[in-house]
Each structure stands twice: as structure tokens, then as C-alpha cells.
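So that you can see what the record holds, here are the features copied from TrEMBL:
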| type | residues | note |
| --- | --- | --- |
| COMPBIAS | 255-264 | compositional bias 'Polar residues' |
| DOMAIN | 18-436 | domain 'Major facilitator superfamily (MFS) profile' |
| REGION | 240-272 | region 'Disordered' |
| TRANSMEM | 12-31 | transmembrane segment |
| TRANSMEM | 69-90 | transmembrane segment |
| TRANSMEM | 97-113 | transmembrane segment |
| TRANSMEM | 125-145 | transmembrane segment |
| TRANSMEM | 157-179 | transmembrane segment |
| TRANSMEM | 185-206 | transmembrane segment |
| TRANSMEM | 288-312 | transmembrane segment |
| TRANSMEM | 318-341 | transmembrane segment |
| TRANSMEM | 353-374 | transmembrane segment |
| TRANSMEM | 380-402 | transmembrane segment |
Amino acid sequence: MVLGGSSGSKVTPYLIYLVFITTLGPLQFGYHLAELNAPQAVITCERKSIHSTTTPGLPQCIPMNPSQFGLVSSIYTLGGLLGALLAGPVSTKHGRLFTLRATTIFFILGPIAETFAPSIPVLSLGRLLSGVGAGASIVVGPIYISEIAPPSAKGLFGAFTQIMTNVGILLTQSLGYFLSKGSMWRVILAIAGAIGCLELLGLFLVPESPIWLANHQKGNVARQVLQRIRGKDADIEPEIEGWRTSAAPEHSSGEEQSLLSPPSGNMPPKQPPVTMMRAITDSFYRPAIIAVVGVMVSQQFTGVNSIIMYSVSLLQTILPTTAALLSVIISAINLVITLACSPLPDKIGRRSCLLLSISGMGLNSVLLALGIYFNLKALSAIAVLLFVASFAVGLGPVPFILSSELVGPEAVGAAQSWALGANWIATFIVAQFSRC
């Protein structure tokens, strides 16, 4: 498969594999975000099963009131905040691959604690650990994908972060629909650990980002990695030239040197990594940081994650008999629309996608309010579905793409950490104020 008619833009099976393994992190982000939604009633002992088998030594459920359940749910976002703030600096210093592998440890330990949790504190600890992995993965994952994707298709491949997030949400909502009985909710949590193990194994066949290697004076290795990703017959020189241009835009022609040029001695990287503090205080980077933080906060303040995290309990007030099924349908529509619209950022632009998305969500929020006020259940259901569909057009995928495009590779880690840190804080606020 070739994009844009350029041999350098060839999409190889190996590239698809790399994107798939990398986006298992965002998949788990979505999975953990929604894993407590459908089985809330059985986890909190609101609904017990007399005939259900229980795991020896573990209670069938954990007694919780709505406030306690809201805390257990939202503590995941605090872990996400911690992971997001750490991932940028760590990935800049130690590499994208090292950080991706580190996230899988949290994706394994977190579900183990959740699955075998006998009490609220242990369940909360598991959620916190899972959150750290999720927060880090949605920082470094989009960076890595942006750095290995063909230049002409960065928007398309960048959208796979949100696509796989939606796959995770749909998977856990579907499992919750069938396994929300007795102690089977523990199986839902255990499956997340299995996905974490799969990602850890898959990462052993994943190379370091070629751009990170080039920026750290490992030009020969970077060239080999890029050639392997693009295919042995692909012309990678135009792409390497693009790296040089972005790495040294202010150098004169006499001083220009490719990132892949052999290093002289132990010369440090041409573009030293930008710290989070410098990114926000430097007038060169500050506008981009403000832009990505603003978009990320707006994404969460639309309230979309209140539907993802609490849709069953929220919808039961207006659609008591079909709330669980409607949650699955919402997740499926979100995935389908995100997948269908993934080429849009490259075709009509990031800004147009965002404006289209915001307009649709605003209109459908009004329709939902009217449906609830006048007790029009059909209108309420349709408005919720269209609200989520509008989110999938722009506000879902585009924010994860922007951080890697508005700043250079030396600052992308800091930008992504600021953006996702703000995103997790906003998610925590939404989770707390929308809990039932």
C-alpha cells in the first residue's frame, strides 16, 4: 500500500504491526476508563446473585455507596495524571520504547490488584496503577506513532490512538453486558491484565523511534530502523531531509547537518530536550502548549467521559430497561464514526474537524436537554448517540495528533505531558461531578 504516490510513504505490514502494538496502550486506557461502568451494581453489592459461584477467599462484591464508587472510579484519573506528567520527560531522556515497556508493568500489576481486590483500598490501588500506565501510554503512544508514520498520513495513523481507545471501551462495555453478574465482574478486570501481557511481549519486536535515535546521535541505527519500517525498496532520503529541516530550521546552509550524519566524538544532540518548565515559560513554545492544553481540556469538559464511565447508571433514569444495551451501542457508534472519519484530519484539516465536532456536540446537547425536560425518551436516546458521534469526528482523535505537530521533536514530550496532564485533571473533575 502506498500513500500519496511516494515510495517513501509505503505502508508495510511491519508498520501496521508497530501501530497495533503501540495502540494496545490506548486500548487499555479506554478499557480501564469504562470497566466499572456496566458491572457497577454487582461490584457495589447493589445487586447480588444467589446462585453465582465465588472465588475462594474473595467476596462476591465490595459494599460501596455512590460516593465511594465515584472515588474508586475517579482515582484512575489521578494515576493517569501522574503517568502523563512522568511519561514526557522519561520518553525524551530514555526513549519511546523504554517508556512503552514501562507502561505494561502498570497494565499488568493494576489489573492483578483489581481482580483479586477484597476491599475498597485494594481496588483503588489497582485503579491507580492502571491509571499510571494509561496516562503514560497516551502520552508516548501518539508520539511514537507520529514519528514512525509516513509524513503524508500522520493524521490518519494518529487517529488510531482514539480508534483503539474506542475499541477498548467497546470491548469492556460488551463484556460488562454479559458478565455483570455474581463475581464474574472480576473476569472483566482480569482480561485487562492479559492484554497488558500481550503488549509487553509484542514490544520485544518493536524498535526505538528513528527520530529519537537520530536526535540522540544514533544516525546509522535510525536509518536502518526507518528503512525496515518503510520497506527495503523505499526511498527514505526525502523523509530524512525533512528531519534535517525540522531539526535545524535556523541554521545557515554552511552549518546544516542531517540528524543522521555521523556524530563527531561524543557531541550532544543538536536540539537538547525541552523541559516541561521551559516549554511553558519560553515564548517560542508557550502558544503551542496553550493551544494543546486548551483543546485537551475542552475535550473532557464536553462531558463525554461521564457517558463512558457512568452511562448505565445515568441512562437508567430515562431508559431503565435498555441502559446497558444502549451503552454498548454508544460505544459501537463511537468506534465506527471514529474509524470512518480517520482520514478527515488529513483531508479537511484539524481545525475544520474540531469546529464540526464542537458544533454537532452543542446542537445535540440542546436536543438531549429537550428530550429529558419533555420526557421524550426516543429523542434523548438519539441525542446521546449523535452527541458521541459528533465527538468522534474531531474532538476525539484530533487533540492526540496536535501535540506532535505543533512543536519540534525536542519539545514533543513536554508538550504531550502538559496536554495530557491537563486532560487527566479535567477528566477527574468530570468524573467527580457526574457520578451518581
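Numbers run from 1 along the shown chain.
Placed from the backbone N, Cα and C atoms, the Cβ positions cover glycine too.
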Stretch contact, the transmembrane segment (318-341) with the transmembrane segment (380-402), Cβ-Cβ under 8 Å, 3+ pairs: yes
Considering the transmembrane segment (380-402), which listed stretch of 12-31, 125-145, 353-374 counts the most C-beta pairs under 8 Å: 353-374
Stretch with greatest number of CB pairs under 8 Å, the transmembrane segment (97-113) reference, 12-31, 69-90, 125-145, 353-374 candidates: 125-145
Within-chain partners of the transmembrane segment (125-145) [C-beta distance under 8 Å, separation at least 6 from its ends]: 19, 22-23, 25-26, 28-29, 32-33, 72-73, 75-88, 90-91, 96-97, 99-100, 102-107, 109-115, 117, 157-158, 160-161, 165, 189, 192, 196, 209, 400-401, 403-404, 412-413, 416-417, 420, 424
Average pLDDT across the domain 'Major facilitator superfamily (MFS) profile' (18-436), rounded to a whole number: 88
